[in-house]
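Here is what TrEMBL says about this protein:
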COMPBIAS  282-299  compositional bias 'Low complexity'
REGION    279-307  region 'Disordered'
TRANSMEM  30-56  transmembrane segment
TRANSMEM  68-90  transmembrane segment
TRANSMEM  126-142  transmembrane segment
TRANSMEM  154-173  transmembrane segment
TRANSMEM  179-200  transmembrane segment
TRANSMEM  212-234  transmembrane segment
TRANSMEM  246-266  transmembrane segment
Amino acid sequence: MMQSLKYWLAEHPSIVNFRWSHTQSFGSTWSFLFAAIAVYIVAVITLHSFLSLILSKSRRIPLGPIPAIHSLCVSLISAAIFVGILYSAAAEIRDTRWFWRRTKTISTPFQWFLCFPLGTRPSGRVFFWSYVFYLSRFLHLFRTFFTILRHRKLTFFHLFNQSILLWMSFLWLEFSQSFQVLAILLATLLYSVVYGYRFWTAIGLPSACFPFVVNCQVVLLACNLISHFGVLFLHFLKGGCNGMGAWGFNSVLNGVILILFLNFYVKMHLRKKNVEDIDGNSNSTSSSSSSSSSSAHGCSRSDIKFD
């Protein structure tokens, strides 16, 4: 069973012989990337504006099981990418150790996760799964439309975050950027858990008594920040890592995302503190009623979600 899984996820000829090519890989051109992001932004803003004109803000459009199915699909696809790139990374390390000794850039598997040797080309197993991850980012975009239809909510951070993550996954492939294997492992592990949790709550099961999704995002951002310092250290210590131009650009974009997220995180906690202060000043009858309602709905007030 395990051998068959390894074959289909890391040793299949289509995976081993994969090559990122502008003529052979779907969505691999700059024009496609710019057009896709432009269409996404225009479609989202148009839908939000149209619904704001014809419907009241409090009215929600029922979507039935579609969001739950979407969350389940994203969770399963992310889990498959995580397992696939993990097996592929192990196979690449096994097959390319001889090249490490010649380049003298890296000497351990952990260093390889952070720093590709100079001259690395976007071909082979790990870049196949990087390509699958890039394509899966288009599936994530549908969540924006669900949020608008159900909550009539559109924020600059959400629009910027989704667009930039799509852009960054393209740059990983285009410039064979270092650190992408570890970044994909961290991201797909997070997505499989977060979207699995969203599916769990979407089918009516109890939610966590704390902002689960936001806390997972904090963990991912912290791991990425630490890893970026590791890439920079190896780049100067070992004589250079591949794709550092794209890495520098992505680092700036990650920094912007981090600042916007911290702003959101602080506002979320201030809003939560204000709610607690209001509850503390309410009379005993209201407090008792609120407590009963909270118990009945499974800590829903604390479950502030990050889209």
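Every residue gets a Cβ built from N, Cα and C, even glycine.
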Pairs 6 or more apart in sequence, C-beta under 8 angstroms, 3 or more of them: is that satisfied by the transmembrane segment (246-266) and the transmembrane segment (126-142)? no
Is the transmembrane segment (126-142) packed against any residues at least 6 beyond its ends, judged by a Cβ distance under 8 Å, and which are they? 14-15, 18-20, 25-27, 36, 40, 70, 73-74, 77-78, 81, 84-85, 88-89, 92, 162, 165-166, 169-170, 172-173, 176, 180-181, 184, 187-188
Residue numbers, six or more beyond the limits of the transmembrane segment (154-173), whose CB comes under 8 Å of its CB atoms: 20, 28, 33, 36-37, 40-41, 44-45, 48, 122, 127, 130-131, 133-134, 137-138, 140-141, 144, 147-148, 180, 183, 243, 246, 249-250, 253-254, 256-257, 260-261, 263-264, 307
Tertiary contacts of the transmembrane segment (68-90), defined by C-beta under 8 angstroms and 6+ residue spacing from its ends, are 5-6, 9-10, 15, 113, 124-126, 128-130, 132-133, 136, 139-140, 142-143, 146, 181, 184-185, 187-189, 191-196, 198-199, 202-203
